[in-house]
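Step one of this worksheet: look at the structure below.
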């Protein structure tokens with residue numbers, strides 16, 4: 001059978017009006033179909049062997065330019081686009097986009113929901129899982145990394161915040177690029193950057209380079225949320241969108257659980273590593289960092305087999321590619337349902353008005369770096385135009401309300417997520433100090449110590465001709481004591497100090513008792529020989545299993561909230577979900593006043609996380625639905641970047657009140673949640689909208 005391309009007038013929307021979206025005889029048609037072609041269409045569907053036959057469901061392709069010229073000769077001349085007013089062109093483009101939105105909804109419904117969506121769900125879920133891992137990985141490795149790298153308190157704080165800073169920059173940049181270069185391409189690039197620098201960070205030894213690697217790693221993973229939700233939503237029909245985007249959010253929880261389990265399984269095994277000389281050490285926490293990059297690598301590999309979003313391709317005028325992908329979705333789902341004979345009946349898809357944009361100059365005359373510079377600057381300009389577009393009159397109020405809700409949610413959530421383990425650690429320290437032993441006026445002579453001293457205070461003691469060999473001091477303080485003709489060898493210490501002591505004819509050999517550990521002490525003929533280099537501190541207490549248990553339980557507690565939000569998202573709507581979840585979470589904050597023990601704080605943390613997750617899921621869904629295709633990832637990136645700013649403020653503010661007062665963190669978190677929840681009720685409901 002010879003099949004030839006026939007050009008249907010349906011495709012030439014620029015030559016006539018658009019008559020509707022309902023399928024007719026297997027086609028999405030306009031009202032301009034000539035009456036005399038009805039019999040020909042009927043014959044095509046009956047399977048007659050004719051030379052000019054076109055099967056039902058066969059894509060007609062883009063009309064040949066010569067055919068267009070012949071058609072235009074028969075019609076009245078039209079004004080060329082370059083002579084038309086820009087406002088008229090934009091109005092026509094918006095009308096086309098609205099028509100395409102409704103037609104695309106019908107096409108996705110015809111494609112069905114099945115195997116293809118579930119495959120994409122898994123692939124994008126792995127990318128979202130990598131984002132969840134990235135948030136927790138630094139917190140788990142910090143107690144061990146601070147000893148390998150001798151980190152000060154300020155250095156530890158910077159390492160905790162640098163990931164959020166990278167994610168903030170990445171969300172804005174990758175979200176904007178995804179609306180210009182494509183969802184799949186940008187997601188692959190962002191995940192590649194994350195995987196490369198996360199893997200590299202496990203091998204670097206210096207603090208500065210490690211900090212840089214985590215910054216770039218965060219920059220890469222920052223693009224995950226904006227792209228993943230925009231990408232997946234464009235393969236979902238209206239009735240499935242809210243529920244399945246909520247199910248997708250569960251992978252963030254799975255990522256947090258994965259990080260907790262791997263940390264619990266790997267980091268305490270300090271011997272899982274190797275050393276090369278005295279300067280290079282690869283300890284167990286570095287193995288953990290490598291393992292945490294696996295979800296990102298798995299998603300990266302699987303993405304190679306996934307197609308680009310057809311909705312994005314239609315937006316930039318690539319109709320043939322979009323049709324082929326939609327047919328692939330349809331055929332994959334129909335084969336999985338046992339209906340391979342079902343034909344994809346779409347032949348023509350509405351074409352939005354393409355307004356020419358300045359792309360680049362010097363394509364053939366300039367040098368390669370000049371052309372590259374123009375491409376980059378032009379793309380960045382287009383990204384900035386998209387950012388500004390989100391603040392235009394049409395979207396200004398929605399963007400402002402969403403920005404406040406995202407920020408208030410992040411401020412309270414990420415602030416409390418850091419505050420909970422800090423408070424648990426504070427209660428642990430208080431309980432530890434309550435068991436402190438105090439020794440007064442002891443006199444020790446000609447004794448050799450070769451064991452561990454822990455959690456002790458020695459006041460007004462006298463030590464003469466004593467030897468301290470291969471000892472560990474942990475939280476030991478000597479006050480107003482005298483050490484005469486003593487000998488310290490191969491001693492390591494943690495939180496150990498000598499205050500107002502007198503050191504006479506004493507030798508310190510191969511110890512880490514540095515000058516700063518002697519506070520207002522008097523030295524008489526004391527000698528320090530071959531002091532230890534690096535941080536020689538004990539790891540056992542800091543890597544207590546409770547640290548990982550808290551992370552695991554806090555992540556697991558969101559499971560019920562995830563399930564409830566997925567099942568009710570399309571029933572009660574996005575707005576009620578956000579407002580209700582945030583207000584309930586605010587009430588839960590007040591119960592924190594009764595958290596005066598480790599177990600109580602763990603319980604209230606689980607309750608807070610479980611009630612707040614529904615608001616996060618609904619925020620993701622409504623952000624996707626409020627913006628058109630060519631601005632969707634950009635808007636999501638801006639708001640998610642603002643969310644990371646809220647996380648940085650929350651971490652800094654809440655951590656500063658640990659051990660001082662609980663009133664400020666609790667009131668700040670609950671006030672932010674109430675304000676954000678009430679403001680969310682002013683947003684428009686998007687449950688019944690098609691994706692523009």
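Using the three backbone atoms N, Cα and C, a Cβ is placed for every residue, glycine included.
Per TrEMBL, the listed range annotated as transmembrane segment is 186-203 (candidates: 186-203, 312-329, 330-347).
The feature transmembrane segment, as given by TrEMBL for the ranges 521-544, 545-568, sits at 545-568. The range from 67-86, 87-106, 287-306 that TrEMBL describes as transmembrane segment is residues 287-306. Among the residue ranges 118-145, 370-397, 426-453, the one that TrEMBL annotates as transmembrane segment is 118-145. In TrEMBL, the annotation transmembrane segment applies to 157-174, one of the ranges 31-48, 49-66, 157-174, 463-480.
Put simply, of 157-174, 186-203, 545-568, the stretch with the most CB pairs closer than 8 A to the transmembrane segment (601-622) is 545-568. Here the transmembrane segment (209-233) sits against the transmembrane segment (118-145); at least 3 CB pairs are under 8 Å, leaving out pairs fewer than 6 apart in sequence.
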